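S.K.: Quick one: the structure is below, questions incoming.
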Amino acid sequence: MSSYTCQNNVPSSIPLAEYLFHRLRQLGVTTVFGLPSDYNMFLLDGLENVADMHLCCNTNELNASYAADGYARMQRLSCLVSTFGVGELSVVNGIAGSFAEHVAVLLIVGMPPASAQRRKLLLHHTLGNGDYDVFRRLASDICTYSTVVRSAHTAAEVLDHCIARCYRDQKPVYCGVPINLAEAMLPSAPLDVPLPLLDEPCAPLDELVALLLDKIYAAKHPVLVVDACVARHGCMQQLQRLAQATDFPVCCTPMGKGIVDEQGARFAGVYVGSLSAPQVREVVDFADFVLVVGALTAEFCTSSFHFAYKPKNIALLHARHARVAARVFPDAPLRALLALLLQRLDPARVCHAREPVPEPSALRVAPNPATPLRHEWLWARLSRWFAPGDILVSETGTSAFGVLQTRLPPGVCVVSQPLWGSVGYSVGACLGVLVATRAAAPPRRVVLFVGDGALQLTVQELSTMVRLRLAPLIFVLNNRGYSADRLLNRARHRANARYYDVQPWHNLALAPAFGASAYDPRAVTTVGELDALLSDPAFAQPSVLKMVEVALPSMDGPPALLDTLVPEHPEHADHKRPKLV
């Protein structure tokens, strides 16, 4: 088989920028996010010269960082090109979110010439103190690795290391490229050598696997909990085999939503700590062995809920290490660990009670079609509308909690940001998901759920969707402000504080304002209107950009959120939700 350089007619020497984008192309990254600026233009010139590579020119750097995050969740790697100082500081929020949630974003920063840096010249986009390393130092705490290309002689090695490290760690990497080196000529021969993408353990895993097998075989009331790193590190098939071999009840965390088959006979529900359905919480809290695969964290506190595993007999399999009860195994890459565990697992020795798993809750009585919409009815109806293969992008707040209460069809992927929780993330992330999947076969629907308040933070990226002729189905949940925060502060009698309000927008007029010609706007206010819309086969097809404005009460939320944050009280009878069976 001919080499990559021969197949693609790559000359023996190519500019550094072209080398970088050839490497990314080899790993399936064909779109780069960012904006052009004076210090990165030579990098973008190189991008233009590599076949099949494109720049998704975003409206601002923050949105670009969100889009790169969404793209990487589909492709396991993305690239964001920024400029020194003013540009890279604008992406810090997005990069921090990618770091927190284990998302592989390669941040390439175009820098002033190396000679200017050595002489500490006073240039624009600097702090005026001659310190050209200050922004890399700032980024080093939210990146798994950070460096600057200093020489053409070592450039290929540095770039290769950055890309491989980003992919292996599934966390952001920072790489600065001085503008004078972007066009430096490099040998292309290294492109014919595959990058080292597999993270092999340095220490044997035999003792850890033996300990896990003892726990699995001894358990009588176990549960398997699936967390985010299963998807981030490409362990989906291994997880499926483990679930089948053990036949444990399976739960997922909020960040693991969409990883497991929720229609499977052993799926027990979503474990959200204190916000879990009582029957799901019972499965986890009273288990005699909890096996958490792809664990991101063992304990998580927010202003709305507390997430922690109560059983002491617990095994946490993280991306790079594992903890079984009180013992820590520091060098245990998840893929390698699961491979050895599956190799040695004997299903005949698994002898737990195989108790039935909880059934999903359902509405006792269907609401009258003229009834104004509530979250409870919205998400119950959407659960029946979702289709296999859908990609759901949910915003921080009531949208995220609503998606958690749905029971998804097979193959549905969920993109959200439960840990970092940056308001407005979903719009940019939706763009990244759309770009990553636009050539998917068969086509996949991308459905965005965003609140009216969050939309106002990052709405400009609708313009990019229009420019690229993308066709998401967007549900704008209009509850006249920040409802999740209103609910959180209800106990302090500050639910009606003016700082939760946002200026009402004509949301359905936004896409035309950005130049959309092919566009399908809808508005629903009642149960009947929503049901009619979701029953329309034409609406379900992602043919053009579609936006649905959903009118909801300002003090309403998904059931789990209301049950925990809004105890029923006679003076708030109008906010009571229907009982479940």
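The backbone N, Cα and C atoms fix where each Cβ goes, glycine too.
So TrEMBL says this about it:
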- D452, N479, G481: Mg(2+) binding site (BINDING)
- 16-120: domain 'Thiamine pyrophosphate enzyme N-terminal TPP-binding' (DOMAIN)
- 212-345: domain 'Thiamine pyrophosphate enzyme central' (DOMAIN)
- 414-536: domain 'Thiamine pyrophosphate enzyme TPP-binding' (DOMAIN)
S.K.: Give, as a single whole number between 0 and 100, the mean pLDDT over the domain 'Thiamine pyrophosphate enzyme N-terminal TPP-binding' (16-120).
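M.R.: Averaged over the domain 'Thiamine pyrophosphate enzyme N-terminal TPP-binding' (16-120), per-residue pLDDT gives 97.
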S.K.: In which DSSP state, out of helix, strand and coil, do we find N479 (Mg(2+) binding site)?
M.R.: coil
S.K.: Run through the Cβ atoms and count how many others sit within 10 Å of the one on N479 (Mg(2+) binding site).
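M.R.: Result for N479 (Mg(2+) binding site): 24 neighbouring Cβ atoms inside 10 Å.
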S.K.: How many of the residues that make up the domain 'Thiamine pyrophosphate enzyme central' (212-345) does DSSP mark as helix, as strand and as coil?
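M.R.: Across the domain 'Thiamine pyrophosphate enzyme central' (212-345), the residues distribute as 47 helix, 33 strand, 54 coil.
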S.K.: Write out how many residues of the domain 'Thiamine pyrophosphate enzyme N-terminal TPP-binding' (16-120) are helix, how many strand and how many coil, based on DSSP.
M.R.: 54 helix, 21 strand, 30 coil
S.K.: Tell me the Cβ neighbour count for D452 (Mg(2+) binding site), meaning other Cβ atoms within 10 Å of its Cβ, over all protein chains shown.
M.R.: 23
